[in-house]
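Trainee: Pasting a structure below so you can have a look.
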Amino acid sequence: MEGMALYLVAALLIGFPGSSHGALYTLITPGVLRTDTEEQILVEAHGDSAPKQPVISIHDFPRRQKILFQIRVDMNPAGGMLVTPTIKIPAKELNKESRQNQYVVVKVSGLPLELEKVVLLSSQSGFVFIQTDKGIYTPGSLVRYRVFSMDYNMHRMDKTVIVEFQTPEGVVVSSNPINPSSVLIRHYNLSELVSFGTWKAVAKYEHSPEESYTAYFDVREYVLPSFEVRLQPSDKFLYIDGNKNFHVSITARYLYGKKVEGVAFVLFGVKIDDAKKSIPDSLTRIPIIDGDGEAILKRDILRSRFQNLNELVGHTLYASVTVMTESGSDMVVTEQSGIHIVTSPYQIYFTKPPKYFKPGMPYELTVYVTNPDGSPAANVPVVSEAIHSEGTTLSDGTAKLILNTPLNTQSLPITVRTNHRDLPRERQATKSMTATAYQTQGGSGNYLHVAITSTEIKAGDNLPVSFNVRGNANSLNQIKYFTYLILTKGKIFKVGRQPRGEGQNLVTMNLRITPDLIPAFRFVAYYQVGNNEIVADSVWVDVKDTCMGMLVVKGASSRDNRIQKPGAAMKIKLEGDPGARVGLVAVDKAVYVLNDKYKISQAKIWDTIEKSDFGCTAGGGQDNLGVFEDAGLALTTSTNLNTKQRSVATCPQPTNRRRRSSVLLLDSKASKAAQFQEQNLHKCCEDGMHENPMGYTCEKRAKYTQEGDACKAAFLECCRYIKGIRDENQRESELFLARSDFEDEFFEEDNIISRSDFPDSWLWLTEDLNEPPNSQGISSKTLSFYLKDSITTWEVLAVSIAPTKGICVAEPYEITVMKDFFIDLRVPYSVVKNEQVEIRAVLYNYADEDIYVRVELLYNPAFCSASAEGQRYRVQVPVRALSSWAVPFVIVPLEQGLHDVEVKASVRGELASDGVRKKLKVVPEGERKNIVTVIELDPSVKGVGGTQEQTVVANKLDDKVPETEIETKFSVLGDPVAQIIENSIDGSKLSHLIITPSGSGEQNMITMTPSVIATYYLDATGQWENLGVDRRTEAVKQIMKGYAQQMVYKKADHSYASFVNRASSSWLTAYVVKVFAMAAKMVKDINHEIICGGVKWLILNRQQSDGVFKENAPVILGGMMGGTQGAEPEVSLTAFILVALLESRSVCNEHINILDNSINKATDYLLKKYEKLQRPYTTALTAYALAAAERLNDDRVLMAASTGRDRWEEHARTHNIEGTSYALLALLKMKKFAEAGPVVKWLIDQKYYGGTYGQTQATVMVFQALAEYEIQIPTHKDLNLNISINLPEREVPLRYSINYGNALVARTAETKLNEDFTVSASGDGKATMTILTVYNAQLREDANVCNKFHLNVSVENAQLNSKQAKGAKDTLRLKICTRYLGEVDSTMTIIDVSMLTGFLPDTEDLTRLSKGVDRYISKFEIDNNMVQKGTVVIYLDKVSHSEVECLNFKIHKHFEVGFIQPGPVKVYSYYNLDEQCTKFYHPDKGTGLLNKICHGNICRCAEQSCSLLNQQKKIDLPLRIQKACAPNVDYVYKAKLLRIEEKDGNDIYVMDVLEVIKGGTDRNPQAKARQYVSQRKCQEALNLNLNNDYLIWGLSSDLWPMKNDISYLITKNTWIERWPNEDECQDEEFQNLCDDFAQLSNTLTIFGCPT
């Protein structure tokens, strides 16, 4: 009777019908609720006027075990029976580790009917932004950043933020918590060994890391330019049908505002997909005059490159422009890309078009017309077809069309086209869509249309909002008011009502636009008809992006707004909201020339914030519920009107001078060609008279003609004719040198203070506006500072965050800094040690008079230059008014590191002067190479005794450049052991498990079990959204029904059988206990006495003294027992019942005193049997029972019973799944997460979704095991590694501790050594150690292995006239000769020529080689990027295998680079890339280079006069003693010249030290050979002869310590006199000299130098 009574009660509860009331109760919430955020919701009682006090409560989902928030409100007629309580869901109460969506239940009680809505939850509670001080950095520099944080009300928020820095490869190298209230500014140090590319700074809230904000910045080597270049195409597109040439205007301005004089090189091309196809014939040199120039792409040049222009439609044109200053000192490369090649010049888009229309009511459509590059197209007429409407686009490219829709139609096709009068109809742009009719509720025909017709809306406006209704008269008469909600940033901002008078079909209200509604809002309105129908509409409204508050940066006075001097004092004034915190930074505008993509702006702020809108359309909806859903709202009513359950917070995304000889030559060519009247022969003659770059004879050239014998004859005749004329012509060149000398009229350089502080950014400050506000409510603050030394324009950017008005980015304030006379010292980012380079000091004179300037390069021993110690190098130059002059200085860096280059200049007769000191980075010679070694640290597998110790052997670096550093970087990254498997079983496929229980005591449990386990799994994995969150209520009802029905089969002693009159079953009773215990975790109404009664019966009636459980009455339906039936039955049954007891422990431990004892007895029994078990199934089941009882922590027996360590197999598939599931549970209980991974994968691969009869145990266990895996894996912290790196140079090892929380943050360290070291790891988990070794390898030109090709490359000077030189500073002729080494000719061969820096190829030569009758090449392409070395790619149809074939063309130098690095030339087969050969070429190194003396890779400057002291007259003994005893003289020797050697362009004099007269640094040199190194040019001046003796001494600075001895340099400071031999000393001519030498030797040897 008791069981039947419970069943009836449960049935009544489950089947209680919904009550019918005369009112409509409504609950509306945001479609997504945010944690820790105040949210407004709406509760309304329509048709009920009785005061009420509803209780709004928030519960966890799915189990509803916690009340997260609760509030009671007053609902009364005075408030319109409408309340808008504010709720707040605390994040601390939720599962932070869950990887699934989380939901809450919003419940309203205290009304005649309860309202309940399951709402998606978001843990993101605000916005966080990062600002870096600039958008581009160099290796080793400092990235400054600041963090701004605010909530969804735009209030400043001080929640902890995690900031991560990620490399371009996505590796997190830094992760730090920041509290924005205490630390607004932080920095991150980039190492020298840093990845180039785009980095990320990612900010996210500590408790909601799934939402983040990312700031980007680039890392690369760069030097700031001194000017910027802007390109402006004549059109934003190339119209394919047009005939106009394409023009690009070039504007170049110095960053301090003055115009640039110079030259531009322009190359056009077409980008097809991702490949750039250059147009070589378009390469032109364009003068930049007064800052402007224009490039033109002619249509015929485009057609010559691409015959079928229609094939280019859909691709883009680009223009690559390189602008160089007149002095050649600076260069900026820019590109105008994205110029679309089109058939129609416009594109049409629909801007958030409403998907649905209301028949018979206006339909508003906003169209957006763009140019092909995506920019807005203004003043373009547009027209809609079918339903006619027309308009013209505004400046922002938009036009609003209003379509009057017809009645009684369910579909509305819409086509809009441009209506430009200059375009034919087929070239007009069109766009089509189809809108669907709004479906009224129950076909009532009631409509609401909300109209907002204003175009540009801004804060402060009064916006008219119209409510337009249509429907039957009876329905309209019931409308007393409209309820409206205003949503912004995903929150309900305001709720109100607009009254409606009787008979009004159109009602209008004014809405005040406040700053809170920026950047956009949604206006949702609805009315009720009766107590059942809701009619709704909504509209999305864009508001002009401005600050909610205000922030202005300006000069504090008119003086501060003028052009400033470097280093001057000035003031700026900040004006903004009271209490605002302002972050400042001043950035050199040159930074934005390199990269302006990442600068923070107000628009970027609002773009991010606007993404918080949970609405997904521009307004409207498919029906009344669709209106709420699409606006981002959740609704439920007392009449079961429910919006669909939302499962994602985001919206789906919808699917850029001429010589006379030249004239004569032209006349000769014309007259000769005129002799051939036929057009084809005329061209053959002309081509024969073209100069041949390769220098081939006329006869050899004729072999390449392919146009027949007549053409070849004409070609040969004309070629020989013109050769005779050319042989008579001569070329000449001029060189002009000027000098002026007025030394006394210049300002002394020692009194000039050099400018040296040139930061990219500075003024990185944070200021609080705490001053009392003025009458307009504005606070202000004045800041004083000194400007830096740069001549530029500084852009001061200010970003504020106010207490209640969010973030405001002020308009940048510019500070221009310059002088009438100054130096711009242009130095590269880095130079290579011992390689010559030219730097330029550009003198700018912005005065109205010409000036004369003296320039001095200051001496630095780290460089070899014309400036030497004690010897100034000065140059005097004239500089015209309003112009510049470049003074070149050639230097050779001799030492690695950062070294000062300093130049000073003064103006003759004036006080005007300037000085600049900059750091020049000198890097080692050779090619930078990387060696990467990866070590896996896994001490549990690879260790001994829990510790893995490994020796890392140093790399063999045989090709390292001597005396250069090795840099080794270690990076250790943890590896979370567990394999996270998202949605391991798709919850949407479990629908079949929620069924209605029925049948006998066994059948009922069989049919109840699926609902229990499905609910258990979906609760644990958070996948109800896949099945439908409403299905959980249904599942709980089915569980309760099965629970109630099972009571029928419960006996008085709490045991169970299939039928009441049948003997009680141990297994069935245990199973009921287990299932009910699981259900009790999900359903509150299961009585613990029911569970514990079964437990007590099992212990008292079925457990034996040895702990084993017996079965006296097996179940009828044996299939429901799964694998427990079969061999080893006693162990299986005992283990199964033990599992049930353990499941019930949390419920029954307080009620059954003997429970623990029973569990211990059973575990003791199982432990005795465990290692002897034969069945994999029984082993797995027993292992789980023992592990759950905390009596087993060793998985060896369990894993030994497995197959492949991932499954426990028997004869039946379901038994395999069941047994493997037990094994997985056992591994999880034992915390063997690494071993659990493969098991989980095997179970998932089975794609088993369960069933009922015959599958009960497999179903229960697989979902219980996978649910447990989902629960434990995110929360387990089984990663605790201690890593120690023992480096030879460190006394203390590097130690790192890695755990689950910091696993993905790389730990890095660097060392300069390349030696063996050891790394040891202990603890749990895995980690990866990456060792990056970077060194400089020697460049070996002769090491290039050539395969199948012979290649020779050479250069020679080309003497040209000014026209041929095309304005170039110099011209070389490049000769490339190759032969294929195979048995037949090589077809389709490519020659890749890298240009020398500063050089461009002669396109006329290349064109002649490819287009003449005598074609030598198939085609060529130019990649002209002069930031790096440009490239010419030459295509050959074949390369001969029998003879050498040569190509010859000119290359022009357009700017100086001093030391020119070799350029590679590579020839390779198109079809076989392994067949290739590379050679290098460079100009004559013996010309114009500074002299230096080198041993190995160590060089000394030798740019001084040769030693001429031995030629001095009137030298006596006192003078010799005085000079030899000078403080800086290191040694005095008598030495014999043994031999003279030549090495690296220097002379090496090998001398035998006969006598040490004055000892120095070199220890024991007597009777030993020593090397004296001298420049080759000093050989004649020294005139040293073999076997002669010499008196020689030198300075300590001229000693060169080598590995085992010392070498000596012969410089201008070296004293050398020939010491006559003994026979000569007897001659009267030499007697006095010999006596002086002997006395000098005795004096210095015996007495030393006088003090």
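Cβ coordinates are placed from backbone N, Cα and C, and glycine is handled just like the others.
Sharing the feature lines straight out of Swiss-Prot:
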- PRO519, ASP542, VAL543, ASP545: Mg(2+) binding site (BINDING)
- CYS616-CYS651: disulfide bond (DISULFID)
- CYS684-CYS711: disulfide bond (DISULFID)
- CYS685-CYS718: disulfide bond (DISULFID)
- CYS698-CYS719: disulfide bond (DISULFID)
- CYS1346-CYS1477: disulfide bond (DISULFID)
- CYS1377-CYS1446: disulfide bond (DISULFID)
- CYS1494-CYS1499: disulfide bond (DISULFID)
- CYS1506-CYS1578: disulfide bond (DISULFID)
- CYS1525-CYS1649: disulfide bond (DISULFID)
- CYS1625-CYS1634: disulfide bond (DISULFID)
- 684-719: domain 'Anaphylatoxin-like' (DOMAIN)
- 1506-1649: domain 'NTR' (DOMAIN)
- ASN189: N-linked glycosylation site (CARBOHYD)
- ASN1282: N-linked glycosylation site (CARBOHYD)
- ASN1352: N-linked glycosylation site (CARBOHYD)
- 661-739: region 'C3a-like domain' (REGION)
- 743-754: region 'Factor B binding site' (REGION)
- 992-1269: region 'C3d-like domain' (REGION)
- 1197-1259: region 'Factor H binding site' (REGION)
- 1-22: signal peptide (SIGNAL)
Trainee: Only counting partners 6 or more residues apart, tell me which same-chain residues put their Cβ under 8 Å from the Cβ of CYS719 (disulfide bond).
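Mentor: In sequence order, GLY688, MET689, CYS698, ARG701, ALA702 meet the Cβ cut-off.
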Trainee: Within a 10 Å radius around the Cβ, which one of these recorded positions has the most neighbouring Cβ atoms: ASP542, CYS651, CYS711, CYS1346?
Mentor: CYS711
Trainee: Measuring CB to CB from ASN189 (N-linked glycosylation site), give everything in the same chain under 8 Å that is also at least six residues away in sequence.
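Mentor: The answer is LEU142, VAL143.
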Trainee: Out of CYS684, CYS685, CYS1477, CYS1525, CYS1649, which has the highest number of nearby Cβ atoms, where nearby means within 10 Å of its Cβ, if these are the disulfide-bonded residues?
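Mentor: Result for the most crowded candidate: CYS684.
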Trainee: In the domain 'Anaphylatoxin-like' (684-719), how many residues does DSSP put in helix, strand and coil?
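Mentor: Taking each residue of the domain 'Anaphylatoxin-like' (684-719) in turn, the totals are 22 helix, 1 strand, 13 coil.
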Trainee: Restricting the comparison to the disulfide-bonded residues CYS1346, CYS1377, CYS1477, which residue's C-alpha is spatially nearest the C-alpha of CYS711 (disulfide bond)?
Mentor: CYS1377
Trainee: Can you tell me how far the Cα of ASN1282 (N-linked glycosylation site) sits from the Cα of PRO519 (Mg(2+) binding site), in Å?
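Mentor: Per the Cα atoms, ASN1282 (N-linked glycosylation site) and PRO519 (Mg(2+) binding site) stand 50 Å apart.
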Trainee: Treating G and I as helix alongside H, and B as strand alongside E, what does DSSP give for the region 'Factor H binding site' (1197-1259) in helix, strand and coil?
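Mentor: Taking the region 'Factor H binding site' (1197-1259) as a whole: 38 helix, 2 strand, 23 coil.
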Trainee: Measure from the Cα of PRO519 (Mg(2+) binding site) to the Cα of every one of the disulfide-bonded residues CYS651, CYS1346, CYS1446, then give the nearest.
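Mentor: Its closest listed neighbour, by Cα, is CYS651.
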Trainee: Based on Cα distances to CYS685 (disulfide bond), point out the closest of the recorded positions CYS616, ASN1352, CYS1506, CYS1578.
Mentor: ASN1352
Trainee: Taking the mean position of the Cβ atoms of PRO519, ASP542, VAL543, ASP545 as the Mg(2+) site, which residues outside that list, in the same chain, have a Cβ no more than 8 Å away, listed in sequence order?
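Mentor: Filtered neighbour residues, in order: ILE457, ILE518, ALA520, LYS544, TRP606, GLU610.
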Trainee: Between 0 and 100, where does the mean pLDDT of the region 'C3d-like domain' (992-1269) sit?
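Mentor: When the pLDDT values over the region 'C3d-like domain' (992-1269) are averaged, the result is 88.
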Trainee: Where does CYS1634 (disulfide bond) sit in DSSP terms: helix, strand, or coil?
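Mentor: Helix, per DSSP.
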Trainee: Do you know the DSSP helix, strand and coil residue counts for the domain 'NTR' (1506-1649)?
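Mentor: Tallying H, G and I as helix, E and B as strand, the rest coil: 45 helix, 54 strand, 45 coil.
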Trainee: If H, G and I count as helix, E and B as strand, and all else as coil, what does DSSP give for ASN189 (N-linked glycosylation site)?
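Mentor: DSSP call for ASN189 (N-linked glycosylation site): strand.
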Trainee: Within 10 angstroms of the C-beta of CYS1446 (disulfide bond), what count of other C-beta atoms is obtained when all protein chains are considered?
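Mentor: The answer is 17.
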Trainee: May I ask for the distance between ASN1352 (N-linked glycosylation site) and ASP545 (Mg(2+) binding site), taken between their Cα atoms and rounded to an integer number of Å?
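Mentor: Between the alpha carbons of ASN1352 (N-linked glycosylation site) and ASP545 (Mg(2+) binding site) there are 64 Å.
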Trainee: If you draw a 10 Å sphere around the Cβ of CYS1377 (disulfide bond), how many other Cβ atoms fall inside it, taking every protein chain shown into account?
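Mentor: Result for CYS1377 (disulfide bond): 15 other Cβ atoms within 10 Å.
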